[in-house]
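In what follows, a single structure is set out as structure tokens and then discussed.
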């Protein structure tokens, strides 16, 4: 066992030397075969843990996908959302009582550290877990590019201010996507992830009638009445499915819902119902396209996930491979 462990470390060191001396592309570019030499078992480990977690709670697939999204939008995909501490991103308002799946990532990382110590970054674990979370809900397979490094610190203010909010107009959400080099098409495509998962009443109760007046006119009346029953008298933490039709399957139904005023969040329905000129016409046309063509949605979703997963770290951020995803490595 000791000899095998030494061989693994020797292999890792050899690859690192190769990178430093030759400028091998794996040092500065993501690729689908990044761990083929150093940790070929990474896929099986991640796959097994995600499958097991989703067997216990099907919702976990959506939770892991959201974890990846919220990680990438703050300082790039660097695993910084996983860091503990009072100033951590996980304690920013958009993430508190909302982002989940940390324990699944911990379990995956522990097994990887036993098999390939110091090799696989936490950021890559999150990206792979999100991919399998989509696949195991019937969604598309896409090539998850790997080779990220873990950030050294969290950015709580970035999470508080940079993450798109369900209360924002579509034009503001498009601007936040543009800030990380994603475009309007990516907004519509990645919003399609809401074909799975759940949301708390606090995130959509503003669309419900609080008096005898009618609910938001862009919300189906029957759906509004059912949501009022769910949320009235509660603390805002009651949850319902984001897709009111087929919540357990990753499919194009989300877009059908928008055509029928059945988008749960304001930011969902706004993709089809907002009146914002050029932006609205673009998002509305894409909603119609994906409601008709599930294959196109799947293809574009995979492409947008790869694009989002490639958001770079800020300039000068060298990063590291964390041994424990919750804390930076000791110096």
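Cβ atoms here come from the backbone N, Cα and C positions, even for glycine.
Curation plays no part in TrEMBL annotations; they are all automatic predictions.
According to TrEMBL, the protein has these features:
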- 1-25: signal peptide (SIGNAL)
- 29-329: domain 'Plant heme peroxidase family profile' (DOMAIN)
- 39-116: disulfide bond (DISULFID)
- 66: site 'Transition state stabilizer' (SITE)
- 70: active site, proton acceptor (ACT_SITE)
- 71, 74, 76, 78, 80, 89: Ca(2+) 1 binding site (BINDING)
- 72-77: disulfide bond (DISULFID)
- 122-325: disulfide bond (DISULFID)
- 164: substrate binding site (BINDING)
- 194: heme b binding site (BINDING)
- 195, 243, 251: Ca(2+) 2 binding site (BINDING)
- 201-231: disulfide bond (DISULFID)
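Cβ environment of residue 78 (Ca(2+) 1 binding site): 71, 123, 148, 149, 150, 151, 313, 317, 319 lie under 8 Å away, each six or more residues apart in the same chain. The average pLDDT for the domain 'Plant heme peroxidase family profile' (29-329) in the predicted structure is 93. Within 8 Å of the centroid defined by the CB atoms of 71, 74, 76, 78, 80, 89, the record's Ca(2+) 1 site, lie the Cβ atoms of 70, 72, 73, 75, 77, 79, 81, 123, 151, 154, 155, 158, 159, excluding the listed residues themselves. Same-chain residues that are not part of 195, 243, 251 yet have a Cβ within 8 Å of the Cβ center of the Ca(2+) 2 site turn out to be 192, 194, 196, 245, 246, 247, 249, 250, 252, 253, 254. The two recorded residues residue 76 (Ca(2+) 1 binding site) and residue 164 (substrate binding site) have their Cα atoms spaced 15 Å from each other. Straight-line distance linking the Cα atoms of residue 251 (Ca(2+) 2 binding site) and the residue listed as 'active site, proton acceptor', rounded to a whole number, equals 22 Å. Of all the disulfide-bonded residues listed (77, 122, 325), 325 has the fewest other CB atoms within 10 A of its CB. Within 10 Å (C-alpha to C-alpha) of residue 325 (disulfide bond) lies none of the recorded positions 77, 89, 194, 195. In this structure, the recorded positions 39, 74, 201 were compared by how many other Cβ atoms lie within 10 Å of their Cβ, and the smallest count belongs to 201. In this structure the C-alpha atoms belonging to residue 74 (Ca(2+) 1 binding site) and residue 164 (substrate binding site) are separated by 11 Å. Separation of the C-alpha atoms of residue 122 (disulfide bond) and residue 80 (Ca(2+) 1 binding site): 9 Å, rounded to the nearest whole number. Within 10 Å of residue 72 (disulfide bond), counting C-alpha to C-alpha distances, fall none of the binding-site residues 164, 194, 195. The CA atom of residue 70 (active site, proton acceptor) is located 20 Å away from the CA atom of residue 201 (disulfide bond). Here the disulfide-bonded residues are 72, 231, and the one whose Cβ sees the fewest other Cβ atoms within 10 Å is 231.
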